[in-house]
Amino acid sequence: MPGIVSEKATPPRLSVPSSDWQIRTTPPDVSEPGTNSKQISPSPISKPTPSPSPSTSRAKPSPDRNSCKKKQSTVAASEPAVSIDESALDNPDLGPFLLKLARDMIASGDGPNKALDYAIRASKSFERCAVEGEPSLDLAMSLHVLAAIYCSLGLFQEAILVLERAIKVPDISRGADHALAAFSGYMQLGDTHSMVSQLDRSIQCYKEGLQIQIDALGETDPRVAETCRYLAEAHVLAMQFDEAEKLCNQTLEIHHVHSAPASLQEAADRGLMALICEAKGDFESALEHLVLASVGMMANGQDSEVAAIDVSIGNIYQSLCRFDEAVFSYQKALTVFKSSKGDNHLSVASVYVRLADLYYKTGKLRESKSYCENALRIHNKPVPGTTQEEIAGGLSEIAAIYESMNEPEEALKLLQRAMKLLEEKAGQQSTIAGIEARVGVIYYMIGRYAKALSSFESAVAKLKASGERKSAFFGMLLNQMGLACVQLFKIDEAAELFEEARGILEQDCGPCHQDTLGVYSNLAATYDATGRTEDAIETLEYVLKLREEELGTANPDFDNEKYRLTELLKQAGRSSNRKAKSLENLIDPNSKKRSKKVTTKKRWGGLGFRV
């Protein structure tokens, strides 16, 4: 399931209990190990609540199923085959026995394929022995266990098919047990969609589960608060902050009814609310929530969590340009992390990165670079138990600072190293796609357009494979890919990419958003370059109308676009079979015809190509 706890992702874990109705799965999300697993039980849920985090980062992708299957066949070859007569599956005592064997195999950590075989046979037995017309909760439970085993093997699509079948088994009208089974199925299905970066489907499943839980338990039950928080975290990962804020407010209201003041649960939810407020630009509200969260954690003796909140407070101060207060908060956190976790822990490195960013912004480049080097030393020799995802996340952050310091080659090295750490990890394709997009932008800015295009293409392919085709990030990635195509004289391809990006950004950001208007401007320029003057004129007229009616004419882009439209209208009055504008003039309309060759350092500013 999604989690907003740290910027790192944890590998899939599988835990199937030996009794009661509880199925837990934790996908590779942005949560700390041991937290944020969703649990359904007839008894009240009691689960450790994760700490607030300074920021979010998406670590989502399509797993390498071929490698998973190869691994599965290798394991199977080393295990003896399970021999059970198919006819024996009609025995009603066999299903529970096989399910217990599957759970025991999982608990021991051995024989995943034996556990898979037992779970498959258990499901078949429960199905055969079910009374016609009566929904079997035993069948639903066995399907949940089977799906969890598929996930542990990296076979996520198979798990999704099993869970889609499982949620159809319970009949909610038959009472609480069926409602709990349906809730568990929807939440586990949402987790599995999240593992393969299908966030929209994941969120929809969580919503279905939440509604079932509310109908069964009421709107103010503490377990409903946990699910609301869970769904809010998923909305944050999907950059849907308004929806996340509503759910988080609902969670805080439930805490006021059931929890003592300054409880751990309320502190964690205030940390999440601070993250949402920060993302929406409401820094003062974010700071207020963080201070209250810090009080709650301090009252419960959670020193490490207080230090993590101090980092978040430092981030807010930095956003408000209160740099001295930010340094004080970071130094407080650094002292606690060093004493509690050791000098070489990644938590210490993360504070070094924050300090490096702050000193860069205040013009102290020597100090900034020194903190970057300190953070890199920790990432080069991390403490035992550090995951590759955590190292990759840290390297990516350090690379961003080197980009800011205009050291693209160093940034490229770090980003490529981060990708290499993640490429063998299931569920990391979307994260890799995001890094590849950054690599593409760096290549573009230093004039290596062919490599930029290759990076963008790879990122787009990964995001399409994981179902992420409608986000603003995907639209901007298509825009960047179109710019690379223009630089490589692939104007027709660029026009198609700009058109696709325009449709996505119109839907996600609205037609008046600066990113959407920038894509319109790029599209008009490509139309002009290919001789589609009327289309270029129509596009620019639409952009100018939006600026005049919605945004005003003070923006310097307005004058530039008005000039371009005037020139196009003059040209439209000429011979209809005029030649398309040359790419040199397209890049810089004021340039003289010095050469037919475009240098790699040329920028796309004259006719509105915007990076």
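Including glycine, each Cβ sits where the backbone N, Cα and C put it.
Curation plays no part in TrEMBL annotations; they are all automatic predictions.
Summarising the annotation, TrEMBL assigns compositional bias 'Polar residues' to 16-25.
The region 'Disordered' annotation in TrEMBL covers 1-87 (among others).
What TrEMBL records for 574-599 (among others) is region 'Disordered'.
Taken from TrEMBL, the feature repeat 'TPR' covers 307-340 (among others). If you look at the repeat 'TPR' (307-340), the same-chain residues 6 or more away from its ends with a CB under 8 A from one of its CBs are 51-55, 271, 274-275, 278, 283, 286-287, 290-291, 293-294, 297, 347-348, 350-352, 354-355, 357-358, 361-362.
Look at TrEMBL and you will find 392-425 (among others) tagged as repeat 'TPR'.
Per TrEMBL, the feature repeat 'TPR' maps to 517-550 (among others). Averaged over the repeat 'TPR' (517-550), the predicted model reaches a pLDDT of 82.
Across the repeat 'TPR' (392-425), DSSP classifies residues as 28 helix, 0 strand, 6 coil.
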